[in-house]
Structure formats: structure tokens, C-alpha cells
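What TrEMBL records for 42-63, 69-90, 102-123, 171-190, 197-218, 230-255, 267-294, 314-339, 366-385, 391-412, 524-544, 550-571 (among others) is transmembrane segment. Annotation comment: TrEMBL describes 524-574 as domain 'Cationic amino acid transporter C-terminal'. The region 'Disordered' annotation in TrEMBL covers 578-618. Residues or ranges marked as compositional bias 'Low complexity' in TrEMBL: 596-607. For 608-618, the entry in TrEMBL reads compositional bias 'Basic and acidic residues'.
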Amino acid sequence: MARGLPSTAGLVRFCQKLNRLKTLEEPTRGTSLQRHLTTLDLTLLGVGGTVGVALFVFTGTVAKEMAGPAVLVSFIVAAVASLLAALCYAEFGAHVPYMGSAYLFTYVSVGELWAFLIGWNVLLQCLFVGAAMASACSSYLDVIFGHRIRSFTEAHVGIWRVPLLAQYPDFLAAGIILLVSTFILCGARITSWLNRAFSAITLVVILFIIILGCVLARPHNWSTEEGGFAPFGFSGIMAGAATCFYTFVGFDVIVASSAEAQNPKRAVPMAITISLGLVAGAYILVSTVLTLMVPWHSLDPDLGLADAFYQRGYSWAGFIVAAGSICAMNGILLSYVFYLPRMVCAMATDGLFFQVFAHLHPRTQVPMVGVLVLGVLMAFLALLLDVEALVQFLSIGTLLPYTCLGISIIGLRFQKVPPSSSLDPASPVGTEQASAPEPGQLRPALRSYLGFLGGCRPGAAVAWALGVLVASAITLDCVLVFGDSALHLPLWGYTLLLLLSSVMFLLSLLVLGAHQQQRRQDTFQVPLVPLTPALSVLLNIFLMLHLSSLAWLCFSIWMLIGLAVYFGYGIRHSKENQRERPGLTATRSSLEETVQALQPPSQAPAQEPDRTDQPTSP
């Protein structure tokens, strides 16, 4: 082999490092947080982290620029995709009640590199969501005060005319983030109290919008004279659904806070289900009354719901909606500032991120360094960047982790749980009778029909089927989205690719379903695996392909930066890498002993006969 080229064994070891799985023992239990959050706390945390900018700002944007009155269908599609992802989150949150969310779940089931990229992606998403919330909140405050804040800043600082930057530095948005970060430093109890207050006000305002909106509704606004119900067609509805998807991301805050829940196995699934149902119902009803109150093409995208009441002459109602939007956006900002440092703390505890972020305050158990550093960084983004630039690629930052989460659920369900697993000492996992087939093995009833799969080692056929499932899902979605537009396929080619990808997707589902799965009676599990997570993966990829090329470009640049961080720091400081080193040392010691044993007697050490005559110590 040429000098300087890596050997085959070196490449194998390198790939094993990238795909090594996390063992859930002392690394996650080292960051012990106080367990005092109830199911109600988690539910309100999810509602507060979800109902915000989508309802009060981007409902008008999607209605006017993407879907028209069919924005309610876009929210329904996004809600279905979110429900599938939420079920996967609920299983992981009950099964692995520790900090880390999608990052941790990917780490224990897919591999280290993929977990880091998911965590890196979620980091960016949370930074931009928080900055967008603060900027939108600042804009609503400016409207309430008659644009005096904007006029004062432009008069004393000037106007910027730089792409992606705001027209003027938004000091109010930066101050809001720093104030919220200060409350987070006080501990989870104060955060929970504030979140309850914001969530209660938000729900009251939403009920006010729905009731008064139904009174002011005009069915004529959905007529063909105003453009019809779906003026942008099916593509507009799906583009709206892709944009609306990230508005349902609040339930990952519930899972990230499961380490502080009193009974995570029961509270997490219930809180996710209740919060998602409340939020989806609110989105659908509010988007319906919005487009019935005023024609969709007359909406102001910057003011959203408040503008509809101002157009109908109800200024007092517009003021109430503006005040409610401020509470809602502060609630979602509070949730993300609460969640982000804990996710980064989990990465730092595992050694994949800088160790300083793993420090917890001894009294409040709050990751102080993470709150301070990330809060300042989020405030800097809100100070300089335009709101439209902040939300350019929020959806792709949400859809990708959920896609990996669905894949992780399938992979984890067919993995054998070692008897020594310390996830829960009282857990019945691994206590199946010896005669029962292991997860990943072919079901006994199907061995006579699928004998060609019975010869594979446990898990091999599952791994291949999962790879084919993901590849066929990507192919199928690409054909559906680009087959008759960007690819310019003839009809026979379009039909052939559609049939082949559909058949491969269904066959991979059948192969996965023919194998034994883990069965747990003590906690929540996703129903209809592998069908439910597979549909989640298929729908998420379909929505991602409807996003703009600019979103994909920004996402690619951020991923390259993340790869530089991982290969420059994370791969060397990983706790799993440190766990492997004692094994390497022991292997070298055993090799040295083997070499000494194979030496001729004349080369043996002179003192060895005396050492062997000594009595053996007990």
C-alpha cells in the first residue's frame, strides 16, 4: 500500500467511530436535574413553545403568498406530519427520560456523527426561532406604540440597506431575549410559573379570536370572485404545509424537559398528545376565521390576525390580538431559551461539544454558561438580522430531525436490549423467556414462507430493509415533486419510477414487519411500527423537497461548519471514545503478555521463576 494512505483496518475503525452508539448509563445520569414538573407543566410548556409566530404572524403570510383560504388544509397536512413525529417523540421521551431530545435519541439508535449533526441542526433552529420570536414581538410592540420605537431608532442610528440584515438594529428584540435569559437563570420553577401565565393569556386570546371571528365571518371571501378556496393549487397547499410544519415543534421542548418530570413515562406521552391536539385545533380554527373575515389577498403579512380586525374597523380587538401575540411569542421564546441550553448541555456532557457548556449551577441546576452564551448569541441575531432571513430555513431545520427520529424508532424497535441496560432497573425489557425470538429475528410463524431471510444474522435483514425504505422514500418523493417539472420525465418514465419506488417502499415495509420487535408493557410505544414512522419519514421528505433552494444552501453551509466542529473537537473528546481507550490499553497489554509467552525460555526474564514461586494473593 502506498505510504500515507490509510489501511483498510484504519478505515473500518474510523467508520466505527462515526457510527458508535451511546450507552445510557453514567454519562446521562451525571447531569441530575430536579424532578418537579407535572403533566400540566409539560403540557403548558408544549403549548407555550408551539403557539406563537405561526398563529399571529405567518398565518397571514401563508394565506396571502402560498395557499389562500386553503391555508387551513396546509395546517391539517402539517398537523398530520407532526402527529406522526410526535408519536415517535412520545416513545423516546418515555423510554429515555433524559436531556437531549432528538439528539439523544439519534445517538442511542443511529450513531454518533448523525446525532451530532442533528444536535447541531437543532441548535441553529432554536437560535433562529428565538431570534424570530423576539423580532416579531418587537414589531408588535412598535405597532402598539404607533411606530415610535422604529422612528426613534432610525433617526438616531440610521437605516441599513444590506441584504439579510434588518433595516435598523432591533435593540428592543435583543433586550427581550436578555430579559428572558435572566428569568431562565433563576431556575425551572420561575420559568414554569411564567410559562403558565403566558400560555393562559394566549389561550384566552385565541378563544377571543375564534368567537369574534365567527361573528364577523363572510363566506363570500371564499368565493370564486375573490380567487376561490385554493388559488395557488395543490403545490401552494403543500408549500404552505412545509412552511407551517415548523410551527408544531413545541412538543420537543416537552421531551427535552422530561429529565425534570415527576413521572416521565406517563407525563410525556400525555403532554405531547394534549398539547399537539390543542395547538392543531387552534391553528385550523384561527386560519379559517381569518380568511373568512377579510379577503385573503388583502391581508398584511406583517400584522397577521391583528390586521384583519383593523380592516373590519374593530381597533380595540386588534389591540387585544396584538397584546396576545406578544404574550404568545414571549411564551415560545421562553420555551426555546429554556430548552436550548439543556440540549447543548447534553452534547457537552457526552464530549461532542465544548465541556464548559456541561456545567450546572449547584443550587438551581441550570446550565448557566449555556444560557448566557446562547442567550447573547440569540440576542445578537435578533439585533442584526431581518425576520424573513431568520425564518428562511426553519422548516428544514425541523423536518430533518423528525425524519431521523422516525428512522431511529424503526432501528431501535428491532434492536436487542442488553440485559445489563440501566435505562430502568425495573424495566421488563430483556426479561423475555429464552424461547422467545430476539428482536431483529424473523418471526417463527413466517420462517417457513420466508426461509431465505432466516439465514441472515439477527438485524442484518432489518438494516438492509431500513436502508431500502429510506432510499425508496427519497426516490418516490423526488418523482412526485420534480417528475413533471424540473426532471421533465416522459409519461412512461414518470410512471415507471413511481411504480418501482412505491413497490420497493412497500416491500421494505413488509420485510421489516416480518421481523420480531421489542415489546414493552410499562411504557408508551408507537402503534403500527414500522408503518407509522415510515409514513412520517415519507411525508417529512416530501415537505422538505418543497422548500426553497436558498433554504437548502444555508442549511448546507451550516452543516459544513458542524462537520468541522465535530472532526476538530467532538470525535476526539467523545465520552464513547474515552470509554474505548481502556479497552485498547487492555488489548495492548494482552498482546504484550502473549508475545512474552511465545518467547523462548532463554529470552524470558531472569526473575520470572522467582515470581512464579511466590504464593498467590487471595
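Cβ from N, Cα, C; glycine included.
Within its own chain, the transmembrane segment (197-218) is flanked in space by residues 44, 47-48, 51, 55, 278, 282, 285-286, 289-290, 292-293, 305, 308-309, 312, 314, 317, 320-321, 323-325, 327-328, 330-331, 334, which lie at least six positions past its ends and keep a Cβ under 8 Å from the stretch. Against the transmembrane segment (69-90), stretch 230-255 shows more Cβ pairs under 8 Å than any other of 230-255, 267-294, 550-571. In this chain, the transmembrane segment (366-385) does not touch the transmembrane segment (524-544); fewer than three CB pairs sit within less than 8 A of each other, excluding pairs fewer than 6 residues apart.
Helix first, then strand, then coil: DSSP counts for the domain 'Cationic amino acid transporter C-terminal' (524-574) stand at 39 helix, 0 strand, 12 coil.
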